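> Residues or ranges marked as transmembrane segment in TrEMBL: 7-26. Per TrEMBL, domain 'Copper amine oxidase N2-terminal' is recorded for 75-141. Under the heading domain 'Copper amine oxidase N3-terminal', TrEMBL lists 162-256. Positions annotated as domain 'Copper amine oxidase catalytic' by TrEMBL: 304-706. The annotation 2',4',5'-topaquinone is assigned in TrEMBL to Y460. TrEMBL lists Y460 with the feature active site, schiff-base intermediate with substrate.
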Amino acid sequence: MNPKLPYVLLAGAAVIIFILSCMLLSRGRRSPSCESQPSIVKTGSTSQSVVFADLTAEEMSQVVRYLQGNLGVPLVDASRAKPSDNCIASVDLQVPAKAEVLRFLDAGGARPAREALAVLYFGNQAEPNISEYVVGPLPVPLYHRDVTVHKYGGKVPYHRRPTLGSEYKQLGAFLETVAFAAAPTFLKEVFEYDRTNVVFQTTVPHGFQSGDRVTWFVLFQNVSGFFVHPVGLEVLVDHSSLDISRWAVSRVFYNGQYYRDMVQLESAYVQGRISVEKVRKAPWDGDFSSMKPRAPAAALFPVQYEPQGPRYSVRNNHVLFQAWSFAFGMSVSTGLRLFDIRHKGERVAYEISVQEALSVYGSNCPAGMSTRYMDGSFGLGRYTSPLVRGVDCPYLATYVDTHSLSESLRPRKRKASLCIFEQNLGSPLRRHYSNLQSLYYGGLVNSALVVRSIATVGNYDYVWDFIFYQNGAMEGKVQATGYPSSSFLHGDGLRYGNRLWEHTLGTIHTHFVNYKVDLDVGGVKNSLVAHDMAFEMTRAPWSPEQQIERPRLTKKVLDTEDQAAFRLQSKMPRYIYFAGNGKNKWGHQRGYRIQITSFAGDHIPEASSMERAISWARYQLAVTRRKEEEPTSTSIYNQNDPWTPTVAFADFIDNETITSEDLVAWITAGFLHIPHSEDIPNTVTVGNSVGFLLRPYNYYDLDPSIYSHDGVFFTSEQDLTACETNPLACLPKTASCLPNFPPFTYDGFRNM
């Protein structure tokens, strides 16, 4: 035996022990935490964005106190108001005139006065009406002026008022204490009615002609996801009188049959003249409509994080992201809106905002067949819901609280009702792999900034996104989810949808969403240009006996509003863009292209008595001259009087010249929804997403994303493992950190 062998073995064992110790120590060592410091604005000022900022809670309270002390009439809290009372329906920002704002932003002019717009219901007057007041200056109001006549050409009739929550409570009490008291036997034996086990859902509009305020109420089992638990009973209530004691039942519908009132229904039931369809009582969780997961938790889904902290900044209502900057806000009625959108320091749009969300339903039940929801009248901003961290938005997104004052004398804070985040979309924005002649790879990760809010209006949840890409493109998108509305399945119900459960008919309906896009391409004076293609036949110059069919570019300037109004299902030029007066390096007019993603159903026939109220939905795109007196495509008052619309969008299109003018694009996107069994328990967002893109079209001399710091390029001759050559090689070092996840909190169930 070699005498040195034990020493060799001992040395080898020591080396092994040392290696194992290092491995164990390194395995037990905790990775460093990722950077999480807030991103700091390094250049420019955000003070100018305050001109678009939502009212603060204190400003709203000041407006309420001012109105209480200066109108000379008693104001009841809207949450307790009767139809015969005066009350404040809402207080929101009065956005200044564009010309004033641009003088302030671009020419060093004075900042426009900060003002509020207050909507008031005057029910306690000889001639009840709706009035709108501009109140200012804020934060300490000194004046108010009635702008109703200026905006609408006259006083707004009281019957057009959006229905307050207090009126719905009063209607619920009427149904329970007056209407249902007339049919105790029927309700007890058919529904086991105990005043707690049914819930009502309203329908709109309220009737068939101006002045009507009669509403069908649908009864559902009072369980989780009640929207898909109809019981077959619908009641029509006339609540047009301002005196609640004069409200009355106008008609009753049960299981395919109509009755004069609840008394007649009770009599027919007692006499055995009713075909009863008993609905199996659902448990409190709704059974099939429960959203409680049917599977236990397993491996965690992927989570996105920012290893070196956020690459965007949010200061008050101003956002900076790479070459993008913009201001954001939340309107009580229309929801999320953006102002002063700039790329590389140059304004490309003055305003981009949601205008309306419309649904038109079909059914063989009275409530379903007469429903046309215009959700702006309920309040897309008012019903913006608190966001759940990690599901509604990425866990580490920036969450913003918003305030609103609606149907109350006090402002309401909605915690985490808006989120902002950068998202790696998991695909290249652009790339090329070259294996011909030179060998290289060049690419850019598609990382975009998303601004999101989600509005829950009744049964539907609308996910509103504005997305900013590194190539100068911007997207507006809405995804629909929530519960489908349903009718009680009877008779020929399958002509109007699919059966979703034993007694549940998922009713066919359309979704239409309208946006206002005020593009300013190289200034406010723009023209609308259409480019498309056409095939032309030609002889091959080198072989004249042969014919070639080649596509060529077609060009047309759309000179008038009539030419720029494209009907919903009509053929529209595939390249349509706002063109500025300037040109790029290659002699082309600088432009921004509008590209619409839509799968819309058919628009309601124009012969309909209510069509003018939703006439914006006639058009997939309509471009008009921008006018201060045409700020929105619709009105919150159109819902309850669509037969005499307060705002009729069709009147905006009057064949005015639109070359070298300040223009607005009104964009409509939508989809047809025929609910199916996979909409149970509720509807998914996949496939239910529509919207539009704004894309630079000869606006730049080349793709601006080539200047992104995220670009990757390497050749076959370079060291791909060197960080200087390939930043992806540094990921094990730069991204090996533990995200700082804040504790999970949710305030969505407070102060309901």
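Cβ from N, Cα, C; glycine included.
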> Output, ordered by sequence, the same-chain residues six or more apart from Y460 (2',4',5'-topaquinone) with a CB under 8 Å from its CB, or 'none'.
S359, D375, A480, T481, G482, Y483
> Given the model, what does the mean pLDDT over the domain 'Copper amine oxidase N3-terminal' (162-256) come out as?
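Averaging the confidence scores along the domain 'Copper amine oxidase N3-terminal' (162-256) gives 97.
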> Give the residue counts of the domain 'Copper amine oxidase N2-terminal' (75-141) per reduced DSSP state, in the order helix, strand, coil.
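When I sort the residues of the domain 'Copper amine oxidase N2-terminal' (75-141) into the three classes, I find 9 helix, 26 strand, 32 coil.
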> Under the DSSP assignment, what numbers of helix, strand and coil residues are found in the domain 'Copper amine oxidase N3-terminal' (162-256)?
32 helix, 28 strand, 35 coil
